[in-house]
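The structure under discussion appears below in the form of structure tokens.
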Amino acid sequence: MENGDIPEDANEHCPGPQSDSAGKSDACEGCPNQQICATAPKGPDPVDMVAIAERMATVKHKILVLSGKGGVGKSTFSAQLAFALAARDFQVGLLDIDICGPSIPKMLGLEGQEIHQSNLGWSPVYVESNLGVMSIGFMLPHPDEAVIWRGPRKNGLIKQFLKDVYWGELDFLIVDAPPGTSDEHISIVQCLDAANVDGAIIVTTPQQVSLIDVKKEVNFCKKVGVKVLGVVENMSGLSQPISNLKFMKITDNGEMKDVTEWISEYMKEKAPEMLNLIACSEVFDSSGGGALKMCNEMAVPFLGKVPLDPQLCKAAEEGRSCFADKDCVVSAPALQKIIDKLMETSGLSMTESNGV
């Protein structure tokens, strides 16, 4: 049994031998391994920590991307951050540790790819020569395969990613974490403790139901000693060019009739300058002040807002960079501004890519 793995003869709800409650919880009663687990040393294996430190020694900056809850666009932000840094000629790695919901392969256009083993370790899957990706999604027999793992097994894979993947020299390693504050978060923080993590970016949406969980995420970072590099307010209003809008009219019998063509022709004839405007609408209630107010209250940096842009959603679905898409006229500039601010305020700015 490797350090951290659940024994085959363990009870059904085994907390895992590395858990603080190992050998002590109700689930451990009657387990043949109870005494061993209760007295065994806890925490990451020192041998593994040395191996991880050696791997991470060639990575200049390590950034975690977190969210308080799912569905706020965390993985979309991680993917576009990786695309943006690679476009600036940095050497970039993107590590997906969302074990049960790996969406990074799709968002990087890498579905169906597989991991290859070399004498140096696991080789990342490359989008470009300077953008490599690692995810459990590359290990599944089918994209729809469910990953039903307990915490210790997920933590074991994260540890294996960190010590066995050969990234080479990187300027940035972006780690896309699962939402919330789960075992995976504790595992990645413990394993990278000696590797000098730069900090975490937290992604949220404007409404209070999301910000409540983000506050917990900020407090988690403070407790484990991870610097909050900043908070990104995603889906901050729906914005898109008027020329991309679809217009509907409610008829007398209550049906919806498409009048887009008529409206477009009318604007072209009567007010062509309107076609260059951006239409904006608040989708989520931000009357509570949104992420900016929360950041001021909790004394963490606010990096900026990204509008809900259908073109960005399309780029993510198709595994493309929004920065190379002429249709992403709303989201791409907003993301670039956020990345510029991140680089300037967090000590990450480098005039050129020169590895480590």
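Just so you know, glycine gets a Cβ as well, placed from its N, Cα and C.
Worth saying up front: this structure is predicted, and the values here are computed from it rather than measured.
As annotated by TrEMBL, region 'Disordered' applies to 1-27.
Positions annotated as [4Fe-4S] cluster binding site by TrEMBL: Cys14, Cys28, Cys31, Cys37.
Under 8 Å, Cβ to Cβ, and six or more positions away along its own chain, Val72 (ATP binding site) finds Pro179, Val203, Thr204, Thr205, Ser210, Asn234, Met235. Secondary structure at Val72 (ATP binding site), taken from DSSP and collapsed to helix, strand or coil, is coil. The ATP binding site annotation in TrEMBL covers Gly68, Lys69, Gly70, Gly71, Val72, Gly73, Lys74, Ser75.
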By a simple count of other Cβ atoms within 10 Å, which of Gly68, Gly70, Gly71, Gly73, the binding-site residues in the record, is least packed? Gly71
The binding-site residues listed are Cys14, Cys28, Cys37; by CA-CA distance, the one closest to Lys69 (ATP binding site) is Cys14
Ten-angstrom check, please: count other Cβ atoms within 10 Å of the Cβ of Lys74 (ATP binding site), all chains counted. 26
Candidate with sparsest Cβ neighbourhood (10 Å radius) among Cys28, Cys37, Lys69, the listed binding-site residues: Lys69
